[in-house]
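Features of the protein shown, as given by Swiss-Prot:
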type	residues	note
TRANSMEM	17-37	transmembrane segment
TRANSMEM	51-71	transmembrane segment
TRANSMEM	105-125	transmembrane segment
TRANSMEM	144-164	transmembrane segment
TRANSMEM	175-195	transmembrane segment
TRANSMEM	218-238	transmembrane segment
TRANSMEM	255-275	transmembrane segment
TRANSMEM	283-303	transmembrane segment
TRANSMEM	344-364	transmembrane segment
TRANSMEM	374-394	transmembrane segment
TRANSMEM	402-422	transmembrane segment
TRANSMEM	428-448	transmembrane segment
Amino acid sequence: MTDTNHSSMRQHSLQSLAIAAIGVVFGDIGTSPLYSLKEAFSPAHGIPLTPSAILGVISLLFWAIILVVGIKYVLFVMRADNNGEGGVLALMALSLRPLNPKSRITGLMMALGIFGACMFYGDAVITPAISVMSAVEGLEVATPQLSHLVLPITIVILIALFWIQRHGTATVGKLFGPIMVIWFVTIAALGVYHIARAPMIVSAINPYYAFSFMSEHVLLAYVVLGSVVLVLTGAEALYADMGHFGAKPIRLAAYVLVMPSLVLNYFGQGALLLLDPKAIENPFFLLAPQWAALPLVVLSTVATVIASQAVISGAYSLTSQAIQLGYVPRMKILHTSELAIGQIYVPVVNWLLLFVILCIVIGFKSSDNLAAAYGIAVTATMVITTILAAVVMVKVWNWNKLLVAMIIGVFLVIDLGFFGANLLKVEQGGWLPLGIGALLFFLLMTWYKGRHIVKERTAADGIPLAPFLQGLLAHPPHRVSGTAIYLTGNDTLVPVSLLHNLKHNKVLHERTIFMTFVTRDIPYVKDDERVTVHDAGEGLYIVKAEYGFNETPDVKAVLEEVSCQRAMTFELMDTSFFLARETVVPTHLPGMSIWRERVFAWMHQNAAKPTDFFAIPANRVVELGTKIEI
């Protein structure tokens, strides 16, 4: 095949990935024109709809997109990939790698990363609510007589969206990219039409209008910044979804279609307001002629459902990562596609999200009321991403500290400006994502600390495995036929389940395997590096299986690899799995306060069973109880 053909294939693949990325990565930021400008000129802000104010706000929107999306995320943050994977947890794992595990900065970076992940969930409950609601509110423009159905229709759409999650979205997901391409082309065309009617709006490209607006209104303009940030909702997705599509396709989509379309639409809305300030009632839907209003409502609703789907899938992926990294208790994870390994479904997360989202929709009743709650989660995550990226630049890339200070300084000024403006909206609704984030942060840190204490207690009371096996072989118990697999969290200690089995049954299987699963700080582990097998002699084997934080442990796959390495055969239904069922008992021992220990014990009790998490046949499992005081 010629170099030209290779180049053509690569180009085709790049374009295909870019279109697919448009359907997943850019749904959130792509639907922000539905409500962003309307919220910026909310009557509560008291900003007059004068030409200078309109030009000033549009200029702020334009430069926010250019500086934060086009430069910060696309050019800088997306360089900080963890073996190709992005997102706040991947960035946290990357930033921790060169640091001393016991240093204070390590604890700070870990806490920041966890809090950033928790704020994502605060964003995840608002995005579907405000996006779908703002799209359905287009009925108030298209067919005012149906305006009373906005809330019921929104609720029905959201319930249907979460109901289909268990069946997977791989089939319809192929349509997401083309539909979102149509969406971006449509909003760009609507913008161009009105820009042609009021070309004066183009002068908003000049940052003078942004600075003039800020200096003229000062305090009010700072409040407006809290609404301007709504144009950036979903910017974090560019980085978080990098592992699915790669940096090049996302950059291509951002620069060629997404950013130009967004800018044209916002400028079009600004032009419409210059022509008719009363259009602030709903500037997005009033861009369309009356005959196109209803089709635009339909297209908007589909686009917001796609945007919501991306956030929901992101919540599943983030939960899976957090479980593997040890910050969240085990949960049942179902794979909904045999072909796409990333297509997962987490029932607990799905139904909790739906419950909270429905409460939000019913409680806030309109996208206008909900907009005040939206920006704070986004801006908090932006600040955290910037700080973690700074650590990576200095500690991992070894960049010049002065250069890093200059780059990060500019980004932090922008991020903290947006975050501070959104703190002013805590009373109007910002308390919601902050409250969700704070509650989840408490639970995740309690789980992480609790597991650390359990490991310390277990290690203190544990028996080293190597000398124990030597003694066992020197004075062997009665051997019985079959295979026994002991799952253990520490491959250097004797599993408690083995001690109980020897104590009560006084037998050892002719083939005994000690299996440990380890999660590394990279997204994926190469297949040839995943499983190591140590032969301890006399049918005893120590197996260590390493997984990345984006992978799900698979006992069956590990046994297949052991079979290949050691020329052994396994019949899953003829194999016994021995597990230790830990009962955590809160005490006044040093570690955590007693009430946090009780919370940890409750989480531990309600974690998914190992049989469900590791996909082990329940009728092949022997659970032996052990009590751990913390």
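From the backbone N, Cα and C atoms, a Cβ is placed for every residue, glycine too.
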Intrachain neighbours beyond the transmembrane segment (175-195), with Cβ under 8 angstroms and 6 or more residues off its ends: 19-24, 26-27, 30-31, 33, 201-202, 257-258, 260-269, 271-272, 275, 287-288, 296, 299-300, 302-303, 306, 309
Stretch-level contact, the transmembrane segment (344-364) and the transmembrane segment (105-125), CB cutoff 8 A, at least 3 pairs: yes
Intrachain residues whose Cβ lies under 8 Å of the transmembrane segment (428-448), provided they are six or more past its termini: 44, 111, 114-115, 117-119, 121-123, 125-126, 322, 326-329, 356, 360, 364, 369-377, 380, 422, 592, 596, 599-600, 603
Recorded stretch that, among 51-71, 144-164, 255-275, 283-303, 374-394, has the most CB pairs under 8 Å to the transmembrane segment (17-37): 255-275
Intrachain neighbours beyond the transmembrane segment (283-303), with Cβ under 8 angstroms and 6 or more residues off its ends: 27, 30-31, 33-35, 37-38, 132, 134-136, 138-139, 141-143, 157, 179-180, 182-183, 186, 190-191, 193-194, 265, 268-269, 272-273
Positions whose Cβ lies under 8 angstroms from the transmembrane segment (255-275), at least six residues beyond its ends: 18, 22, 26, 29-30, 32-33, 36-37, 41, 49, 51, 54-55, 57-58, 61-62, 65-66, 69-70, 74, 181, 184-185, 187-188, 190-195, 197-202, 204, 231, 283-284, 286-287
Ranked first among 51-71, 105-125, 218-238, 374-394 for CB pairs under 8 angstroms with the transmembrane segment (402-422): 374-394
